Amino acid sequence: MKVGQPVLQCQTNSEAFGMMQERRSGNYKPNIWKYDFLQSLSSKYDEEKYKTQAERLKEDAKHLFIEAVDLQGKLELVDCIIKVGLASHFKDEIKKALDTIASSIKNDKSDAIKNRYVTALCFRLLRQHGYEVSQAKKSDFLDENGTFLKAKSMDVKGVLELFEASYLALESENILDDAKAFSTTILKDINSATTESNLYKQVVHALELPFHWRVRWFDVKWHIKTFQKDKSINKTLLDLAKVNFNVVQATLQNDLKEISRWWRNLGLIENLKFSRDRLVESFLCTVGLVFEPQYSSFRRWLTKVVIMILVIDDVYDIYGSLEELQHFTNAINRWDTAELEQLPEYMKICFKTLHTITGETAHEMQREKRWDQEQTETHLKKVWADFCRALFVEAKWFNKGYTPSVQEYLKTACISSSGSLLSVHSFFLIMNEGTREMLHFLEKNQEMFYNISLIIRLCNDLGTSVAEQERGDAASSIVCHMREMEVLEEEARSYLKGIIGNYWKKVNEKCFTQSPEMQLFININVNMARVVHNLYQNRDGFGVQDHQNKKQILSLLVHPFKLD
């Protein structure tokens, strides 16, 4: 069966119908993003004249690096460029500016940076770009007694930047841990009546989710609108950011239209009514990983992977009987169509679709990236088999009514979260010219992928546990901790949020020290953790297509900026 052609139609009989009566339901709402609407998307910003306009504005904006002569000016320019989504356009200029800053700080033994806001901003930007920089010195934020300065001794911008910087902490950086606690307390006490409105909105935004944990592209519009109210921000830079956003959005619309045609022609969801039909949400996840226009192929192929993750997850979580799941897991492990005879029709459809997508992905990676097709397919089949085995373990827990310890839960969850599955697919989809050295890099960074996978799982649990408990799903990490430690849900949630913070520290150890040629892949993996923070922040981003989800999709994929 070719992906893009209709899948087999389900056959039902009285016995199968009897089994269907006992099936569980996820109670997922129908898809709200209809095919005709997606195909109607169009943008004038894919015209060449807007790309030319962006190039002209880009050349004009380069002068800003020359005009920014002092340390604070350089730092704020770099920060603004990153936040409005223009970092890829000014890579060389940003590197040159940060190289100069890092060198001047390293050679200056007089501790010349006295402005606490600048100290924190400098630390954050240097660390997130891979420069070796130690946690802020005690003298920068502590008084002579070794305690943090009182709120009245620090301006709001300084406290806010200290808060943001604290989220780039590594393990054992106790000063930054104290800085996070201190700045969080201060920011929560800030009154809107006594704080400039634009700054107050930034404080609220940061407390909802810190910048380091946010998906950069998802926040671009918010930052542009925020900077528009700041008279110190150069208008040319903001004009460029708006045009760039619209040009990128035009490419994303074309990507989405193409993948929606594939999805409709596939016909998979019509035969699997129990599963989530979430094409647009799946595509948006890939946009969160890498949004630049030149990565259209990556987004389209990885969207197919995300779609299959959702479908197979629903097979294990919601619909399949334990006996069926055993046969399905065996079939995936052996990757053998001979196993299909023991599978019900809906599982045959899942297996054949996955089999075809995986084969076509490996073939495409050989054509586009010069990876060995057989080698690629071997790696992809392995991560799918690992994923299904982990889901089967959780299905057995559910069927036995078993609640594991948190440690036992996480051992399986790091695989069932799909983090490693997405990492391996991303590796082959994004990296060029497969070599042993590159594959060694994949193996060498397993610890980072492991920590990102656990962030994915725990964020998922925090966002979906209420709905899962209502459905009677298997125990989440929240329930596991509640029962293991005999605590209430609120305490369990607080504990797991702390664990997420610790895993981020482990990720921080690895994600700022990679070589330039590997940095894109590392960024994609870190963005996986950021995407799930966005998806499951106070909601189930896949299960429920609520107002917040719809608003974000319309903003990022449908509505362009109005240009002056």
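Note that Cβ sites are derived from N, Cα and C of the backbone, with glycine treated the same way.
Small disclaimer: the values here were computed from a predicted structure and weren't measured.
What Swiss-Prot says about this one:
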BINDING   Asp313, Asp317  Mg(2+) 1 binding site
BINDING   Asp313, Asp317  Mg(2+) 2 binding site
BINDING   Thr464, Glu468  Mg(2+) 3 binding site
MOTIF     313-317  motif 'DDXXD motif'
All-chain count of other Cβ atoms within 10 Å of Asp313 (Mg(2+) 1 binding site): 20
Neighbour count (Cβ, 10 Å) for Asp317 (Mg(2+) 1 binding site): 21
Thr464 (Mg(2+) 3 binding site) has how many other Cβ neighbours within 10 Å of its own Cβ? 22
Which secondary structure state does DSSP assign to Asp313 (Mg(2+) 1 binding site), in the simple three-class scheme? helix
Between the C-alpha atoms of Thr464 (Mg(2+) 3 binding site) and Asp317 (Mg(2+) 1 binding site), the distance in angstrom, to the nearest integer, is 13
To what whole number does the mean pLDDT across the motif 'DDXXD motif' (313-317) round? 96
